[in-house]
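Asker: Feature annotation from Swiss-Prot assigns active site, proton acceptor to 91; the stated evidence is sequence analysis. The domain 'Radical SAM core' feature in Swiss-Prot is assigned to 97-329. Per Swiss-Prot, disulfide bond is recorded for 104-340, and the stated evidence type is sequence analysis. Swiss-Prot lists 111, 115, 118 with the feature [4Fe-4S] cluster binding site, giving sequence analysis as the kind of evidence. Residues or ranges marked as S-adenosyl-L-methionine binding site by Swiss-Prot on the basis of sequence analysis: 163, 164, 195, 218, 219, 220, 296. Here Swiss-Prot flags 340 as active site, S-methylcysteine intermediate.
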């Protein structure tokens, strides 16, 4: 199985071409064809030597993904189900925001973090995506825009799809460098957010990278007992370790951290828990932000339900009175398989039923 050429940063592409007797400008031409003209095959690169095109074809594919399902919401949200070369399925979501077009990408096939409310973890991690497979998600959404010929572009990226990004650290960092490259897609670092469930040692590594990419932490509980019961990762990285890493990140980068907090009815949404959350974030208040997220119910996790609006607002009021920067997240795609992992799970179930029916 040939790797995608999207797996290479521009410097890596230059080094690869030079090793094969090409001038540096040849790699720059290839890069422009990929990310500015956004061709889907090497044969479309008309200023590349005909002798070199077969070498490219022997070494790489361009886009390794195949589109399986597309769902479009009334609010303009688009959910894609892509098939990888090995037949595995991943999800990508396009969200139309007032500030631009944001794409949520997947970094792993399945997830081992084990959050008890999440559709992503219904299927255990089968493998990491390589950086080319992550970049390809952006490229296919951008192709959707290019085909419409309305001058639209992917302006923001959130690494919050299926999988734990920091459990696939090397490939995610390569992906970030590719999409941020000023000579390519040029998606600004401050328009990119990486979300982690709380791998404290990787938060420290990320702080040391010197990138301007935003960091979000999936918190979802204000104390260790509750967080360990709904997020298995907390048993390895309890709040003390997590917040030590977050404080290091803030000190090192002087950048704000966003805390994601899914509102689960009568689980983590009481007034007492709101005060606990305010107290937990007190020392980093100036450089932190809490995002309260309405829960998208998952049939396999029917022990959880969405917090009623009045409980969300009461929780929000406690945070605001304590000086916490917070917002209730606007919902997208509520009329399609909105929860991360739902579309993939449903499609895999249908595929299994088809196989069973033909036996």
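The backbone N, Cα and C atoms fix where each Cβ goes, glycine too.
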Asker: When a 10 Å sphere is centred on the Cβ of residue 104 (disulfide bond), how many other Cβ atoms does it contain?
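Answerer: There are 24 of them.
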Asker: Would you mind ranking the binding-site residues 115, 118 by how many other Cβ atoms sit within 10 Å of each Cβ and giving me the lowest?
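Answerer: Least crowded of the binding-site residues 115, 118, by Cβ count within 10 Å, is 115.
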Asker: Would you mind checking how many other C-beta atoms are within 10 angstroms of the C-beta on residue 218 (S-adenosyl-L-methionine binding site)?
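Answerer: Excluding its own Cβ, residue 218 (S-adenosyl-L-methionine binding site) sees 22 Cβ atoms within 10 Å.
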Asker: Roughly how many Å separate the Cα of residue 195 (S-adenosyl-L-methionine binding site) from that of residue 104 (disulfide bond), to the nearest whole number?
Answerer: 11
Asker: Please identify, among the recorded positions 91, 111, 118, 163, the one with the smallest Cα-Cα distance to residue 104 (disulfide bond).
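Answerer: The smallest Cα gap between residue 104 (disulfide bond) and any of the recorded positions is with 91.
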Asker: Give the number of CB atoms, excluding that of residue 164 (S-adenosyl-L-methionine binding site) itself, located within 10 Å of its CB.
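Answerer: Its Cβ shell of radius 10 Å holds 26 other Cβ atoms.
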Asker: Whole-number answer please: how many Å between the C-alpha atoms of residue 91 (active site, proton acceptor) and residue 163 (S-adenosyl-L-methionine binding site)?
Answerer: 11
Asker: Please report the Cα separation of residue 220 (S-adenosyl-L-methionine binding site) and residue 111 ([4Fe-4S] cluster binding site) in Å, rounded to an integer.
Answerer: 17
Asker: Mean pLDDT across the domain 'Radical SAM core' (97-329), rounded to an integer, is what?
Answerer: 97
Asker: Measuring Cα to Cα, how many angstrom lie between residue 218 (S-adenosyl-L-methionine binding site) and residue 115 ([4Fe-4S] cluster binding site)?
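Answerer: The Cα atom of residue 218 (S-adenosyl-L-methionine binding site) is 10 Å away from the Cα atom of residue 115 ([4Fe-4S] cluster binding site).
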Asker: Just to verify a number: CA distance, residue 219 (S-adenosyl-L-methionine binding site) to residue 115 ([4Fe-4S] cluster binding site), in angstrom, no decimals.
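Answerer: One finds 11 Å between the Cα atoms of these residues.
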Asker: Between residue 118 ([4Fe-4S] cluster binding site) and residue 163 (S-adenosyl-L-methionine binding site), how many Å separate their Cα atoms?
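Answerer: Computed Cα spacing between residue 118 ([4Fe-4S] cluster binding site) and residue 163 (S-adenosyl-L-methionine binding site) is 11 Å.
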Asker: Taking only same-chain residues 6+ apart in sequence, whose CB is under 8 Å from that of residue 163 (S-adenosyl-L-methionine binding site), what do you get?
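Answerer: Residue 163 (S-adenosyl-L-methionine binding site) has long-range Cβ partners 106, 107, 108, 109, 110, 111, 120, 125, 128, 129.
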Asker: Let me know the largest Cα to Cα distance in Å among the S-adenosyl-L-methionine-binding residues 163, 164, 195, 218, 219, 220, 296, as an integer.
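Answerer: Between the outermost Cα atoms of 163, 164, 195, 218, 219, 220, 296, the distance is 19 Å.
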